[in-house]
Amino acid sequence: MASIRRWWNSDTALHTYIYAQTLISLPFSVFGTYTQYQLQAVGYAIGKDSVGGPCVDYCIVPWLGTNMDLNSVLLYMNAFGIGLSGFITLFLAAYSDYWSHKHLLVTICFVTYGCFTIPVYWLQDTSSYDFNVLSALSIVFTIVTNILVAVLNIYVPYCMRENAAAIKASTRHDGRPNEPPSSLSPSPPGSSSNVPIGNASVESSEKRTYGFKMTVIGSFANSIGALIMYIIVIIITERTKNVNAPGLLVATIVGFITVAGASVVYLGLPRLPAKDAAELVGETAGPLIEFLKPFADMANRRSMTLLLISYTIYTDCTYAISSVTGQLFYAEIKPNTLEYTLYALAATISGVIASIGFLLVRPHVPIRLETWLLLGYALLLIQPAWGCIGFASVDFGFRARWEFYVQTFLIYVSGVIVNTTFRVMFSEMVPPRNEVRWFSLQYILSSSTVWINYVASAPLQNATHELRFPLVLSLVFAFFAYVLEVCRQYIPYFKRDRKRWLAYDQRVAGAEERDGAGQSEHASAKDDGDARRLVVLPAKM
C-alpha cells in the first residue's frame with residue numbers, strides 16, 4: 001500500500017488525469033453503446049415503413065410530434081446534443097479562467113455524468129415513452145460528456161508547463177547555469193528583441209515529451225476502462241440468461257460507481273492558477289466579453305488558428321463518420337446484443353492497440369509530430385471514400401461484416417495519432433493562464449459546426465432512407481482539413497508565425513515567474529501592433 005501511495009504522489013496530477021480518463025470511459029462506453037442499440041431496437045419495434053408495414057431496411061418512428069426516419073432522429077439527436085453542449089461550454093469557458101476551483105467543476109461534471117447514467121436500466125420497454133426518454137437522456141449525456149472532456153483537457157498544457165518548470169528548477173539546483181532572460185518585459189512578435197530566451201528547444205522538447213506521455217497514456221486508460229466494461233457485459237450475457245438488457249444493467253451500476261469515484265478526482269487534480277477577477281471588463285457580461293479575446297488572438301496567431309481550424313474540421317468529420325457507420329452496422333448486419341457488444345469491444349481493442357502501438361513506435365520513427373498529424377488526417381480519408389462505394393449496387397462499401405471491423409480499426413488509429421499530436425502541439429501554443437479559454441474555444445468551434453453535417457443530411461435521409469449521404473460531406477471536409485494542415489506546415493509565412501509566438505509566450509512565462517503573483521499590469525513594448533493587449537502580466541506584490 002505504501003508503494004502505491006509513493007507512486008501516486010510521485011506525480012499526482014498525471015496519475016489523477018489518467019484515473020479521470022479511465023473513470024470517464026466507464027459510463028461513456030456502456031451508456032453510449034447500449035442506449036444507441038436500445039433506441040434502434042425500440043425504433044424497429046414501434047416504427048413502420050412508409051406503407052405501414054413492419055420495418056425491414058428502414059423505419060419511420062414518431063418523434064417530437066411528427067413521423068421521421070429512425071436514422072434521421074439519431075442524426076438530429078447528435079446535432080442537438082453537440083450544439084447545446086457547445087453553447088453551455090461557452091459560458092463555462094468564459095468564467096472558469098477566473099475561478100481557482102476548476103477541479104471542483106470537473107468533479108461536478110463527473111457526478112452529473114453518473115447521475116444521468118443511472119436510470120437507463122428501467123427504460124427497457126418497447127414503447128414510445130421509453131423511446132422518448134432514452135432519446136432525451138442521450139442528448140443530455142452527450143452535453144455532459146463533451147463539457148467534461150473539454151474541461152479535463154485544460155490540465156494537459158498546465159502539467160506540461162509545470163513539468164518543464166520542475167526540470168528547470170532541478171537543473172538550477174544542481175548548479176548548472178541558466179541563460180538569463182533578454183528583458184524583464186516581453187516584446188511581442190515582430191519587435192527587435194524577438195529572440196527566444198534560455199534553451200528554448202530543450203524546454204519545448206521536454207514539454208512535448210511529457211504532453212505526449214500524458215495524452216497517450218490517458219487515451220490508453222480510456223480504452224482499458226471501456227474494454228473492462230464490455231467484457232463484463234459479455235460475461236453477464238453468456239452466463240446469466242435471466243437478466244434483460246445486461247448492457248443497460250451495467251450502465252446503471254457504473255453510474256453509481258462514477259458518482260462515488262468523482263471524489264478521487266476532486267482530491268487529486270491540481271488547483272490551477274486563476275486570472276485576477278480585477279482584469280474583467282464590464283460587469284455581468286464581462287467574462288463573456290473577455291472570452292471573445294481568443295477570437296481576436298486568432299487573427300494574430302495565424303499558425304495556431306490554422307491548426308485549430310483543421311483539427312476542428314477533422315473532429316467534426318470523425319463524429320459524423322462514427323455515427324453513420326454505427327447506424328449502418330445495425331441497418332446492414334442486424335446484430336443481436338452479443339454481436340453489438342463484440343463490435344463495440346473490437347472498437348475498444350482497436351483503441352488499446354493503437355495507443356500502445358503509437359506510444360512504442362513513435363520514439364523509434366524519426367519524424368516530427370507535424371508529420372504524424374498529416375498521416376492521421378490522411379487515414380481518415382479512407383473511411384468516407386470506402387463507404388461511398390456502397391451507393392452502387394455492389395456487395396462492398398460498408399455492406400459486409402468484416403468491412404465495419406476494418407474501418408473501426410483505421411478510424412481509431414487515426415484518432416489516436418491526431419488527438420495525441422494535436423493536444424501536444426496545441427498545448428505548447430496556448431498562452432499561460434488561458435487554458436480553459438483556448439481549449440474550450442476549440443470545442444465550441446467544433447460544436448458550432450459539427451451539427452451542420454447532421455442537419456444537412458437528416459432531411460436527405462428522411463426523404464431517401466439512404467444513410468450514406470453524410471459520408472460524402474465528410475469526405476470533402478476531411479480533405480479540406482488535410483490541405484489546411486499542409487499549408488500550415490510548409491508555407492514559410494505560417495512557420496515564421498509559429499516561431500515568433502512560441503518565443504513571445506516563453507518570454508511572458510519567464511516574466512511572470514520573476515514578477516510573481518499580484519495585481520496585473522499590461523506588458524508594454526514597442527511593437528508592430530500584432531500582439532498588443534493580448535497578454536496580461538502580473539505585477540510585483
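FYI, residue positions are counted from 1 along the chain as it appears here.
Using N, Cα and C of the backbone, Cβ positions are placed for all residues, glycine too.
According to TrEMBL:
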- 181-196: compositional bias 'Low complexity' (COMPBIAS)
- 523-533: compositional bias 'Basic and acidic residues' (COMPBIAS)
- 170-199: region 'Disordered' (REGION)
- 511-541: region 'Disordered' (REGION)
- 73-92: transmembrane segment (TRANSMEM)
- 104-122: transmembrane segment (TRANSMEM)
- 134-156: transmembrane segment (TRANSMEM)
- 214-236: transmembrane segment (TRANSMEM)
- 248-269: transmembrane segment (TRANSMEM)
- 306-330: transmembrane segment (TRANSMEM)
- 342-361: transmembrane segment (TRANSMEM)
- 373-392: transmembrane segment (TRANSMEM)
- 404-426: transmembrane segment (TRANSMEM)
- 438-457: transmembrane segment (TRANSMEM)
- 469-491: transmembrane segment (TRANSMEM)
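Three or more CB pairs closer than 8 A are found between the transmembrane segment (134-156) and the transmembrane segment (73-92), so contact between the two stretches is assigned (pairs 6 or more residues apart). Residues 75, 303, 306-307, 309-311, 313-314, 316-317, 320-321, 323-324, 370, 373-374, 377-378, 380-381, 383-385, 387-388, 453-454, 456-457, 460-461 of the same chain lie 6+ residues outside the transmembrane segment (469-491) yet bring a C-beta within less than 8 angstroms of a C-beta in it. Highest Cβ contact count with the transmembrane segment (438-457) among the listed stretches 73-92, 214-236, 306-330, 373-392 falls to 73-92 (criterion: pairs under 8 Å). Beyond the transmembrane segment (342-361), the same-chain residues lying 6 or more positions past its ends with a Cβ under 8 Å from any Cβ of the stretch are 29, 33, 213, 216-217, 219-220, 222-224, 226-227, 230-231, 234, 329, 335, 404-405, 408-409, 412-413, 415-417, 420. Contacts between the transmembrane segment (104-122) and the transmembrane segment (373-392): absent, as fewer than 3 C-beta pairs lie under 8 angstroms at sequence separation of six or more.
If you count C-beta pairs under 8 angstroms between the transmembrane segment (306-330) and each of 73-92, 214-236, 248-269, the highest count goes to 73-92.
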